[in-house]
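The next block holds one structure in the form of structure tokens; read it before the comments.
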Amino acid sequence: IPCSAPCILAALLFLWAQAQAQNEPAKIQLRLAGSKRKHNEGRVEVYYNGEWGTVCDDDFSIYAATVVCRELGYVEAVSWSPSAKFGQGEGRIWLDNVHCTGREVTLAECSSNGFGVSDCKHSEDVGVVCSTRRIPGFRFNLNIQVEDVRIRAILSWQRKRIPVTEGFVEVREGGRWRQICNEAWTPTNSRVICGMFGFPGEKKYNMKVYKMVAMRRKNKYWGHSVNCTGNEAHVSNCRLGPPPTKKGNSTCALGMPVVVSCVPGRVFAPTPVTGFRKAYRQEQPLVRLKGGAVVGEGRVEVLKNGEWGTVCDDNWDLRSATVVCRELGFGSAKEALTGGRMGQGMGPVHMNEVECSGFEKSITECYFNRDSLGCSHEEDAGVRCNVPAMGFQERVRLSGGRNPYEGRVEVLAERNGSLVWGTVCSDSWGTLEATVVCRQLGLGFANHAFQETWYWPGDVSADTVVMSGVRCSGTEMSLSHCLHHGKYIHCPKGGGRFSAGVSCSDTAPDLVLNPQMVEQTTYLEDRPMFMLQCAHEENCLSSSAQGASASDYRRLLRFSSQIHNNGHADFRPKASHHSWIWHECHRHYHSMEVFTHYDLFSLNGSKVAEGHKASFCLEDSECDEGIEKRYACANFGPQGITVGCWDTYRHDIDCQWIDITDVKPGDYIFQVAINPNYEVAESDYSNNIMKCRCRYDGYRIWTYNCHIGGSLSFETDDTFPGLRTNQLSYR
């Protein structure tokens, strides 16, 4: 058939377009799925031709992993894993024999057998671990960063509330914030969004009000929809849905902007102070977090048969971690921690191989293996949860220090109707107060508390004292939650050089007493005064010993103690070696004048006998396998307890007792407190107390049911007891 020149040109253009289409890579989406512990790792899944599938590990390389991670918005790949390390996927295996150079923009550009051409099984599904750093300016497709999503308060009364719990859900694309059309929006989507922002659940809201607001606004909509199942820890794990319906100039013809209304956890509820009384009337929790530096992180411990124990990290993943976070009133999990990263617990390992669907109300509802044989506390599981943005970090700062972890404490306070920066009076300032400041700033644990800061000049405009009388329990989220003077400042020393200061650290020690050793070694001894002269000089006997003669006998409750350091830093005395106190009678130095308190209480809480022991020799008696001893008292060497080691005090050394000469027969509570004055900062003080039940008949004593303070169900144990107590007393 004859063809004119225009006809030939059109045919050539058609053939060229077909060739270009064949050369263009297929349009795909990627996600990381499976049994993962972080958002930046998981099984590689590809969305192609309307269906999700996996990638075979044959010929896969770090170059291919790099392409995957960059396509997902991460800077680079850390590693890749064959043989379905993150679990076996379902559906098609889209890609096999993938070869990449590492310079490709998308995995679809890499050579392979072609989509759907594979001889692999899902046991060969490949996984990757990406770096935690994101590519700056990454415009999300399927993977949405928290920074690219927000809940914007619309109603005037909501804008004044912290945290923001209700409003339009908006995403940022191309530098502009856009609303999401609610045509295909579901409550499960709201559940995931609320979890990302630190809230455990979602609730209904007044739709009529938002319809009226939307009608008066010119809304700009995002061109996609989101389809979540509800058990995702992050919206980036949800599927990307179809674009909203268009009609004329409207890109959301059948709907309006998405609104979510989230339920805050009890600690973050924006209610008046009196509302906290009702919030705290609840049953004792079955789960708690221990050893974390900030709110919403820590080692997971569960209550079983009246005893707290840990969870083994076998199969521990984001879904299980998210169940724990939501149960405690936080949002979804940011990270599922393994390997005892939040410190090693004590006591039994209650749960192993935990598997949750993500919808359970409590981790105790999840499937788990009750047999924890083979699990040690080196495998204790932990979590990092999403928590609401409370703005606490913006109301305190450290000034004048040599690095961001130290300095004079300066707080933002209201004076004469305006907010001004000022200092904190150092009267009564100690480790517990420093702990709260470090937590509030997200700088980890307290290292030291300073009552003089003349060497840190700070900001001259902030020299005025604006806060005084600060007393913290150490569990508060903000310094303002601690007890303190109200409108009238009282600071006898004045500010200036006597302003409060802190130094913070990423790590801290954590001393825990072995209760079994105390229970097994307790006994009574009658000892004459002439053999107790050195102990008497160090005030290790009761007051009635003052007038005793050398031939009089004292009845001593003796025991051995074994003190473990389960933290992430060595326990060392606060005082430097040159300031230790020499005691001639015992011929040794005291690095801490009061290292332990020993007390005997009646069942109604009255103290009937007491004792104490100085740290005349803090050293590593024994250590876990593979850990070397660092501290020994021989030749007046350095004192301390290394991480993974313990210091043993035998029952037959001086002051390792309580003088019960004046105690009448009866039932009592025997208590040992380590580091009782909080002289040295630790990651967790709640496990510094051990309690036992005692029965004394005047001749013999029976000690039983010894446990770490708070480890049995009859004792109060709140996640944030300090916030509760001091919030109600806030002035």
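Glycine too: its Cβ is placed from the backbone N, Cα and C atoms.
Remember, predicted model here, so these are calculated numbers, not experimental data.
According to TrEMBL:
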| type | residues | note |
| --- | --- | --- |
| SIGNAL | 1-21 | signal peptide |
| DOMAIN | 30-131 | domain 'SRCR' |
| DISULFID | CYS56-CYS120 | disulfide bond |
| DISULFID | CYS69-CYS130 | disulfide bond |
| DISULFID | CYS100-CYS110 | disulfide bond |
| DOMAIN | 151-263 | domain 'SRCR' |
| DISULFID | CYS228-CYS238 | disulfide bond |
| DOMAIN | 287-386 | domain 'SRCR' |
| DISULFID | CYS356-CYS366 | disulfide bond |
| DOMAIN | 396-505 | domain 'SRCR' |
| DISULFID | CYS472-CYS482 | disulfide bond |
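Counting only the Cα atoms, the space from CYS120 (disulfide bond) to CYS110 (disulfide bond) is about 18 angstrom.
The Cα of CYS356 (disulfide bond) lies closest to that of CYS228, out of the disulfide-bonded residues CYS56, CYS110, CYS228, CYS472, CYS482. In this model, the domain 'SRCR' (287-386) carries an average pLDDT of 90. A Cα-Cα distance of 57 Å separates CYS100 (disulfide bond) from CYS482 (disulfide bond).
Geometry remark: CYS228 (disulfide bond) versus CYS366 (disulfide bond), CA distance 21 Å.
Cα spacing between CYS238 (disulfide bond) and CYS69 (disulfide bond): 17 Å, rounded to the nearest whole number.
Summary: among the disulfide-bonded residues (CYS366, CYS472, CYS482), the fewest other C-beta atoms within 10 A of the C-beta are counted at CYS366. In the structure shown, the C-beta of CYS56 has more C-beta neighbours within 10 angstroms than that of any other entry among the disulfide-bonded residues CYS56, CYS100, CYS238. Cα distances from CYS366 (disulfide bond) to the disulfide-bonded residues CYS56, CYS110, CYS130, CYS482 are smallest for CYS130.
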